[in-house]
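Asker: The annotation domain 'BPL/LPL catalytic' is assigned in TrEMBL to 40-223. Annotated substrate binding site per TrEMBL: Arg84, Gly85, Gly86, Leu87, Ala88, Thr89, Phe90, His91, Ala153, Ile154, Gly155, Gly166, Leu167, Ala168, in sequence order. Annotation source TrEMBL lists site 'Lowers pKa of active site Cys' at Lys150. The active site, acyl-thioester intermediate annotation in TrEMBL covers Cys184.
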Amino acid sequence: MSRGMGPRVLLVRMGRLSYADALGLQERWLRRLQAARGPGAEAGALLLGEPAGPAYTAGLRGGLEPGEEARLRALGADVRRTGRGGLATFHGPGQLLAHPVLDLRPLGLRLRTHVAALEACAVGLCRRLGLPAALARPPPYTGVWLGDRKICAIGVRCGRHITSHGLAMNCSTDLTWFEHIVPCGLVGMGVTSLTEELQRRVTVEEATDPFLEAFEEAFQCTLTLHHEDSD
């Protein structure tokens with residue numbers, strides 16, 4: 001990477017992994033960033049991956065009743081309660097998962113502008129792939145939409161200026177999994193994917209490079225690939 005300017009953000013390519021493992025890796029990076037804060041420290045890390053199996057998550061505002069959780073597990077999905085904002089959503093194969101674990105201060109951001117930068121990343125990816133109509137909408141419709149169809153869900157957590165969680169972009173996701181919940185609590189709204197909109201298969205791999213370009217542009221940072229042996 002290292003195409004951009006500005007504060008350094010490490011790029012952590014998680015690959016395909018369970019959503020539970022992604023949360024565990026996120027916690028490790030949170031602890032690392034909290035311990036490393038000070039002059040000369042990097043601004044944080046962008047954790048990028050693809051869920052290996054189906055998972056439903058609920059946010060701080062809930063979104064899943066106990067009976068629903070049992071029903072969703074019976075479908076073969078993992079169910080997790082998380083500390084992010086928002087309500088219930090789905091994560092699964094064919095989805096680009098981006099969790100920026102960032103100290104907002106060296107980036108000159110506040111929580112609201114951090115969310116706006118995430119929205120700009122998703123919009124930038126869509127536009128780079130030929131979907132210029134993609135746009136972000138204000139709460140309660142937080143995320144990126146094409147008409148009344150959400151293509152990217154956004155939900156973050158922020159404590160003491162450090163963020164976690166982030167966004168999930170539907171690339172070639174099996175959208176039928178969303179039929180078992182009311183995504184983000186928005187009745188009557190649909191979901192879509194890059195594959196659905198472009199009428200050709202768009203993999204997470206294809207979406208990754210244009211997403212990283214959009215991330216550096218939106219966050220005004222330099223992404224540097226993290227190597228495990230550098231820990």
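A Cβ is built for glycine as well, from the same backbone N, Cα and C atoms used for every other residue.
Please treat TrEMBL annotations as automatic predictions, because they have not gone through curation.
From a predicted model like this one, the values you see are computed outputs, not experimental measurements.
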Asker: For a quick check of packing: other C-beta atoms within 10 Å of the C-beta of Leu167 (substrate binding site), how many?
Answerer: 24
Asker: What count of other C-beta atoms do you get within 10 angstroms of the C-beta of Phe90 (substrate binding site), across all chains shown?
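Answerer: The Cβ of Phe90 (substrate binding site) has 26 Cβ neighbours within 10 Å.
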Asker: What span in Å does the substrate site cover, taken as the longest CA to CA distance among Arg84, Gly85, Gly86, Leu87, Ala88, Thr89, Phe90, His91, Ala153, Ile154, Gly155, Gly166, Leu167, Ala168?
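Answerer: Result: 15 Å between the two most distant Cα atoms.
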Asker: Please report how many Å separate the Cα atom of Lys150 (site 'Lowers pKa of active site Cys') from that of Phe90 (substrate binding site), as a whole number.
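Answerer: Cα-Cα distance, Lys150 (site 'Lowers pKa of active site Cys') to Phe90 (substrate binding site): 12 Å.
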Asker: Could you tell me the mean pLDDT the prediction assigns to the domain 'BPL/LPL catalytic' (40-223)?
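Answerer: Averaging the confidence scores along the domain 'BPL/LPL catalytic' (40-223) gives 92.
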